[in-house]
Amino acid sequence: MSIFIDRETKVCVQGITGSEGSFWTKHMIDLGTDVICGVTPGKEGQMVEGIPVYHSVKNALKHHKIDATMLFVPPKMTKDAVFEALEAGIKKIVTIADGIPLHEMMEIRQRALEENAFVVGGNTSGVISPKEAMMGSFPHWIERVYKKGSIGVMTRSGSLTNEVTAMIVEAGYGVSSLIGVGGDPVPGARFAEFLPLYQKDPETKAVVIIGELGGTMEEEVAETILKGTFTKPLVAFLGGRTAPKGQKMGHAGAIITGGKGSVQNKIEMLEKAGAKVADRPRKVGKLLEELGVTKD
């Protein structure tokens, strides 16, 4: 069972007529995603990959039931697009935009919490359940990376996602649902908020998190395990072990500040909670074996 999106999820694409939107809409459909409509202001009546385009989400809802929406819009337009979707009652939103203004991302997260909705991103590749559906920009056709299986994956990094997931597959496992929470300082939703969904999913035997220095998301995962609300095996790989304090490393969120966010502190907390931490991607599969997770 996919935890965020599956073949039954009715998906809208906001920004569908742009080059990124149209390109990835085709790949989303190719994988099996049920994309039913698109939204681009001023483009109502057009068709993209056989999908009708509407001026607004409100107009689209007059003709379609929408479960989730995928945003391919510029950073400075993201807040308005997310709020439009939330006001329409859509509870699952993915935005890949990199560089959403920090204060606007804070507003987005607060509004999503108030609406009991999930906003995945920004600065993410999105969400994918291999062989089922995706919302985002994953190279899903690479079988050695995106093979269906029983390992849930959450990640803050795009490039590390491909590397670690490839190692999971090489070790004899596959992926149930992969969620890229994004690499910005304020994501729409955090690792720990998705753990209850993986806990309830009978097809997910274990979870792998791909984290990095900065922020406190990995520490929140450790706290969730210690509280006993997540009980499945968990393995982590954390990038940035040798990064100097105060130096941003690739992502805006990958920075150690105020004595918090160091990889060493994250490792200590995760291991104290009973999770395993791999010191390199290739060891993730071995640690899953050590935790008794059966192969797919």
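Backbone N, Cα and C atoms are what each Cβ position is placed from, and that goes for glycine too.
For His251, the entry in Swiss-Prot reads active site, tele-phosphohistidine intermediate.
Here Swiss-Prot flags Thr17, Gly18, Ser19, Glu20, Lys43, Ile96, Ala97, Asp98 as CoA binding site, drawing on similarity to another entry. In sequence order, Phe72, Ile96, Ser137 are the residues of the chain that are 6 or more apart from Glu20 (CoA binding site) and have a CB within less than 8 Å of its CB.
Long-range Cβ neighbours of Asp98 (CoA binding site) (same chain, at least 6 residues apart, Cβ-Cβ under 8 Å): Pro75, Gly122, Asn123, Asp184. The DSSP secondary structure for Ser19 (CoA binding site) is helix. Long-range Cβ contacts of Thr17 (CoA binding site) within its own chain (separation 6+, distance under 8 Å): Gly38, Thr40, Lys43, Gln46, Val48, Val53.
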